[in-house]
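Asks: What TrEMBL lists as domain 'Response regulatory' is B:102-239. If you look up TrEMBL, you'll see B:D152 marked as 4-aspartylphosphate.
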Amino acid sequence: MDVGQMQRQWIDYTKSLFLEGFLDGQFLQLQQLQDENNPDFVVEVVSLFFEDSERLLKDLTFALNQNGVDFKKVDAHVHQLKGSSSSIGAQRVKNACIAFRNFCEEQNTDACLRCLQQVKQEYCLVKNKLETLFGLEQQIVAAGGSIPTELSFSG
Amino acid sequence: MILIDNDAWDKECLILYRIRKHRQNGIKVDPITLPKIFLLAAHPSTNEHDELKSVGIIDDILMKPLCLSSLVHSYRESVGTENKQVNRKKVSKLGSLLMHKQILVVDDNAVNRRVAKGFLQKYGAKVTSVESGMAALKMLKLPHNFDACFMDLQMPEMDGFEATRKIRRLEREVNEKIACGQASADMFGNICYWHIPILAMTADATQSSDEECRNCGMDDFVTKPFEEEQLYTAMARFF
């Protein structure tokens with residue numbers, strides 16, 4: 001595959017992530033913040049998100065499996081996860097967190113456990129997608145090309 | 001806007017030399033942000049005038065005596081009314097507000113801190129980020145060099161409301177001491193009235209009432225993640 005083909009593949013893959021709702025406009029913002037002064041900004045922020053999320057999901061699993069569930073604590077964790085997913089544009093994770101918080105308010109353990117499953121699923125999906133995207137970027141750079149900066153949605 | 005009489009221009013005086021140098025250096029900078037310079041001439045444009053205008057040292061030549069409509073017309077032309085100028089203007093606007101400003105970001109979430117920092121740095125601000133209300137208090141011990149503070153509301157141990165209340169108390173104490181002569185302003189960086197703009201960062205507008213924010217001493221709030229226009233509107237009050 002030549003650089004041009006790789007770049008087109010990157011563009012198509014990125015577009016699909018938006019069309020399928022995995023990412024929203026905030027991710028575009030992150031890409032725009034990347035420049036010569038911050039050349040690895042997106043990867044840096046997304047890596048922070050992965051670390052943060054994995055810790056939170058672990059804490060949530062622990063908290064929901066206690067005998068007396070502390071819903072305030074559970075809600076606090078979900079709030080964090082909602083915030084960080086929103087900051088990077090991980091739309092489906094964010095939406096799953098919003099639903100989760102509603103059940104925390106109702107103090108419904110079973111529903112919360114289901115929500116946790118949902119959030120874990122969405123997290124795994126977006127993690128996979130982003131890792132694939134970064135892999136494509138590495139290939140482009142290794143072949144001497146540069147990551148496209150324009151994504152037109154007209155075509 | 002600067003209006004210069006043609007006769008004054010021709011005489012080489014220091015101020016005019018500086019203006020010309022500044023303009024020549026500023027050619028590469030976004031022209032939207034430079035003040036408009038108009039030459040007032042008694043006679044119609046000469047070759048020299050046209051040259052000055054085409055190189056961008058002056059924006060236009062106006063006939064003496066000056067009339068309002070030609071001034072307005074030339075000013076509008078120099079500012080540019082095409083739509084495609086609009087976005088560039090907005091970016092420069094926020095950039096001109098935030099350039100070199102020292103900003104403190106307080107948020108317990110590492111991802112949010114990094115994204116907020118990246119956003120503000122893009123517009124030229126110097127950003128320090130801390131992860132708690134306690135850490136914010138340490139940073140804002142007087143005297144400090146910060147121009148503004150973005151404060152997350154929901155944080156463990158000390159939330160944004162409490163941190164802000166404490167900061168305002170510190171400022172009040174110092175301001176009162178200076179006002180009654182117990183302390184002199186030069187002990188506090190030569191500032192005799194301390195009030196750092198504090199803006200709450202909320203995940204959504206309904207999260208907490210405007211009233212609650214103002215009661216504890218906040219100046220305004222912005223939603224996160226940051227949005228250029230909203231940030232500009234909020235920051236324009238202070239800078």
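Every residue gets a Cβ built from N, Cα and C, even glycine.
Model, not experiment: these values are computed from the prediction.
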Asks: Let's check the environment of B:D152 (4-aspartylphosphate): how many other CB atoms sit within 10 Å of its CB?
Replies: 26
Asks: Average the pLDDT scores across the domain 'Response regulatory' (B:102-239) and report the rounded value.
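Replies: Average per-residue pLDDT within the domain 'Response regulatory' (B:102-239): 92.
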Asks: May I have the DSSP-based helix, strand and coil counts for the residues of the domain 'Response regulatory' (B:102-239)?
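Replies: Output for the domain 'Response regulatory' (B:102-239) reads 58 helix, 24 strand, 56 coil.
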